[in-house]
Amino acid sequence: MEKFFSVEDVDELDKVVQEALSLKANPHEHSELGKHKMLGLVFLNPSLRTRLSTQKAAINLGMDVMVMNMDKDGWALETQDGVVMNGTTVEHIREAAAVMGEYCDILGLRSFPGLKDRELDYSEDLFNKFVKFCGVPVVSLESATRHPLQSLTDLITITEHKKVQKPKVVLAWAPHIKALPQAVPNSFSEWMCKAQEQGLVEFTVAHPVGYELHEDFTKGATIVNDLDAALDGADFVYVKNWSSYRDYGKVFPVLQNWMLDNQKLKLTNDAKVMHCLPVRRDLELASEILDGPNSLVIKEASNRVWAAQVVLKRMLAKLK
Ligand code: CP
C-alpha cells in the first residue's frame, strides 16, 4: 500500500476488517515490524482521535513517531507553483514535503478544505502534491474530501456490533451552527456503498433538500429527505453534519427536527448510534443518546487504533 486515501486503496473490505480485529485481539503481535521505522504525522488542522490513535497504532508496531503541527509550528506553506513568494507564505510544499520525506519512512497528513473554492478542494490539490513531493507512502489523516481511517473504523465497528447478516445502515444529516466539510460523510458513504456492493450492509443516506453529497460518493445508496422514513428499521444510525456541496460550504435553515433523540430512536430497530466525534451535545445529537445504551461513540473512537494499525502494518510490509 503506497497511499491510503480512499476506499479504492483496499480490495476486500471484509478481509481488512478481519485483519484489524485480529490486531485488536493481539495488539503487539507485529511489534518488530516497525522497528527503526519513522512515522511522521503532519497536522494542518486540530485533532484528538486521529493524532493519538495513529500514534498508538505505530507504537504497537514498534515504530517511532514524530508529530508536526504545521498550522502552529511550521512555516506558512505555499502550495501553488509559479507564485513569487513575496507575501505571507514562507516555504513551498515542494521543499517542505520533500524534507519530511527524508526524515520519515511513512507520513500522515491532515488538511481540511477551505470550503470556498469547490473545484480546488475536490481536486485534492494539497494532498496530491504532498504525496508527489514527499516520496514516501502517505496515510490520509483526513483530506479535503475524505476521512478514510474514520470510515474503516466505522466499518470495523459495524461488523463487531451487527446482529443481522446485512444490517440497515443510515447516514443521517444533523444540525450544526458552523459550516463543516463533507469529508466524513463522503467517505462514510463511499465505504458503505462498497460494503453494500460486497453484500455487507444495506445503505441509506438521509438529509434535507440542498445537502446532497456529490454523486460519486453515493453510488447505489438509497437517498431520502425524510429522517423518520429513513430511520424505519435501521440497525445503525451514523449521525453527522455537513455543509452544502451544491451551494458550496453554505448552511441553510432547516425547519424540521433533524436531531436524533430517544423519541426518534424508537422508529429504528433498536439502532446503535455512531458519530465520528467531536460532537456538539443537544445540537447534533441528544445527550440522552450519547449517555445511553445505544451509543457506540466511545467504542468507535477506540477502534480508530486498529484501523490505523492495519493500514500502517500493510504499508510497513511493503517497505521491507
Ligand atoms: N474523528 C476524528 O477524526 O477526530 P479528530 O478530529 O479529533 O482527530
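Glycine is treated like the rest: Cβ placed from N, Cα and C.
Within HIS30, HIS36, HIS92, HIS176, the residue that TrEMBL lists together with GLU142, LYS240, ARG280 for binding N(2)-succinyl-L-ornithine is HIS176.
The binding-site residues considered are ARG49, HIS147, HIS176, ARG280, ARG304; of these, ARG280 has the fewest other C-beta atoms within 10 angstroms of its C-beta. Residues belonging to the domain 'Aspartate/ornithine carbamoyltransferase carbamoyl-P binding' (4-160) score a mean pLDDT of 97 in the model. The binding-site residues shown are HIS176, LYS240, ARG280; of these, the one with its CA atom nearest the CA of HIS147 (carbamoyl phosphate binding site) is LYS240.
Rounded to a whole number, the distance between the Cα atoms of GLU142 (N(2)-succinyl-L-ornithine binding site) and CYS276 (carbamoyl phosphate binding site) is 12 Å.
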